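Chemist: Pasting the relevant annotations from Swiss-Prot:
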DOMAIN    20-299  domain 'Protein kinase'
BINDING   VAL26, GLY27, MET28, GLY29, ALA30, PHE31, GLY32, LEU33, VAL34, LYS49  ATP binding site
ACT_SITE  ASP141  active site, proton acceptor
MOD_RES   THR171  phosphothreonine
MOD_RES   TYR173  phosphotyrosine
Amino acid sequence: MAEFVRAQIFGTTFEITSRYTDLQPVGMGAFGLVCSARDQLTGQPVAVKKIMKPFSTPVLSKRTYRELKLLKHLRHENIISLSDIFISPLEDIYFVTELLGTDLHRLLTSRPLEKQFIQYFLYQILRGLKYVHSAGVVHRDLKPSNILINENCDLKICDFGLARIQDPQMTGYVSTRYYRAPEIMLTWQKYDVEVDIWSAACIFAEMLEGKPLFPGKDHVNQFSIITELLGTPPDDVIQTICSENTLRFVKSLPKRERQPLASKFKNADPDAVDLLERMLVFDPKKRIRAGEALAHEYLAPYHDPTDEPVAEEKFDWSFNDADLPVDTWKIMYSEILDFHNIDQANDAGQVLVEGAVADGQQAFA
């Protein structure tokens with residue numbers, strides 16, 4: 001039985017195993033607090049994310065379950081990796097991942113980025129997205145603060161808690177609006193991997209300019225700003241709008257022509273502008289895919305088709321449409337024990353999954 005130690009961080013109780021010491025707050029999100037810590041077993045710094053009250057509602061239970069399954073499934077150099085999971089006696093859940101020193105948002109607000117860093121960061125973002133998309137996963141909330149970077153400029157995409165959620169209420173968040181694809185704003189329902197390419201394009205443009213490309217005050221203003229640069233959406237895109245109110249709004253906007261991006265990004269490499277043109281396309285079907293973007297001339301210094309892997313298998317989304325009570329979502333506890341046992345099997349050559357899972361399920365029965 002693990003020994004738990006309590007600490008107060010920003011008025012929040014962190015109840016973690018004694019394996020992790022030297023807690024320091026590094027970030028606070030809508031669904032949890034993140035601290036840095038020292039792993040006494042490995043001697044390495046780690047990030048410990050507390051999911052507060054994960055079983056308080058069915059929605060939050062499902063969200064936590066989704067993030068856990070995704071972190072277990074997605075194994076890639078440009079995706080944050082999960083090293084430990086535990087549930088405290090207070091029934092809070094803690095995810096332990098590798099610790100990276102900063103994120104892209106902090107970098108962008110501290111200094112302009114040189115060309116080689118912009119290239120390398122974009123390459124790694126797209127390399128990660130190629131893998132994620134091949135697994136049948138849409139991140140959906142890609143933004144600079146979800147892109148972690150260490151002192152060696154290694155980059156990892158994090159925060160998959162919102163992946164593949166189709167929830168219009170989430171679209172009101174100011175922090176994510178700037179990077180949101182137009183098809184999400186226009187239809188609020190059907191979208192696919194192309195939304196992440198749009199977000200990556202907005203991040204790319206921000207790296208080039210040092211400021212957000214589409215800093216809308218609200219969704220109406222956001223869409224107007226987009227059309228000022230990219231012109232009025234094509235008729236076939238407008239025809240996909242499902243909301244009558246949105247359709248009336250779009251048709252009421254003045255007709256605008258697409259502006260050459262070279263006129264806005266005057267100091268950028270022509271190859272950078274060309275790639276951005278291919279990423280910032282209204283019609284998602286015509287937007288460049290991650291694998292195609294990796295092969296673009298702008299990323300030639302880093303592109304290596306033999307080292308840009310795809311997922312071995314698709315992610316199992318069968319649970320995602322389930323509308324279950326909190327007690328049923330507590331099956332995630334068995335997943336946590338399963339994760340530990342798989343790691344132990346890799347180290348010690350033995351698996352004790354079945355008994356541990358049974359014990360975990362009984363504990364929450």
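Cβ coordinates are placed from backbone N, Cα and C, and glycine is handled just like the others.
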Chemist: May I ask you to report the DSSP-based helix, strand or coil state of ASP141 (active site, proton acceptor)?
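Modeler: Coil, per DSSP.
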Chemist: Between the Cα atoms of ASP141 (active site, proton acceptor) and GLY32 (ATP binding site), what distance do you get, rounded to the nearest Å?
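Modeler: Roughly 16 Å, rounded to the nearest whole number.
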Chemist: Tell me which residues of the chain lie with their Cβ under 8 angstroms from that of MET28 (ATP binding site), as long as they are six or more apart in sequence?
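Modeler: Within the chain, MET28 (ATP binding site) has Cβ neighbours under 8 Å at PHE10, VAL34.
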Chemist: Give, as a single whole number between 0 and 100, the mean pLDDT over the domain 'Protein kinase' (20-299).
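Modeler: Mean pLDDT for the domain 'Protein kinase' (20-299): 88.
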Chemist: Please state whether DSSP places VAL34 (ATP binding site) in a helix, a strand or coil.
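Modeler: Strand, per DSSP.
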